[in-house]
């Protein structure tokens, strides 16, 4: 398989998973034109579109792509039924697209119906986990998002986090503000600054790396807890997550 990221809008990524036999899967096409141009340039035919949630910057290109590729299957959660999804997926369901199997994982938080799609090693997680960060809570609660993170954290270390935005540098600046002496975060920030200076993407990232530099995956870390004002171990780790999200919202 060949993973292709297509920049869209200001900081979005639309993903293509190319089977290297002329066919591909499109993930979260917020706009159609860059997708259609890429399909033409690489001579690819889409087998399906998969949608993680209902926000416009993830679904806005569906209608135009389907208009060109008549009969195209569009997989997504119930909240995308009015955004072009014609195959509704549910938590725990496995879908198969041209021989490629994807596990559907419910990850409420950013939206209530948000799902992720996992086909080792690829995790298409929309606006749930970002590199060094997490999605805003537009509909769900911090506890829901914490539980979603815990579920995704059970995946293997080599999992490729294919998130939908280039937020890494701003997330790392926030992490440095919370834990200024953390060497993993400091080193990775320098690496990402170098990448971005050359116009290169910082994603996908790996779950192994995120365990080190993503504070939202480190709620058990006693140093982090102390920095957030938890002087005794919290009764519930989701309260650490909630405090982190609140601080990020106001950063």
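The backbone N, Cα and C atoms fix where each Cβ goes, glycine too.
According to Swiss-Prot, the feature Zn(2+) 1 binding site maps to 53, 55, 110, 127. In three-state terms derived from DSSP, residue 127 (Zn(2+) 1 binding site) belongs to neither a helical nor a strand segment and is classed as coil. Its own atom aside, the Cβ of residue 127 (Zn(2+) 1 binding site) has 25 Cβ atoms within 10 angstroms in the protein chains shown.
According to Swiss-Prot, the feature Zn(2+) 2 binding site maps to 57, 58, 127, 165.
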Integer Å distance between the CA atoms belonging to residue 127 (Zn(2+) 1 binding site) and residue 58 (Zn(2+) 2 binding site): 10
Residue 165 (Zn(2+) 2 binding site) and residue 53 (Zn(2+) 1 binding site), distance between Cα atoms, whole Å: 14
Around the Cβ of residue 165 (Zn(2+) 2 binding site), the count of other Cβ atoms that are within 10 Å: 20
Mapped DSSP class for residue 58 (Zn(2+) 2 binding site), helix or strand or coil: helix
Whole-number Å value for how far residue 127 (Zn(2+) 1 binding site) lies from residue 57 (Zn(2+) 2 binding site) (Cα to Cα): 11
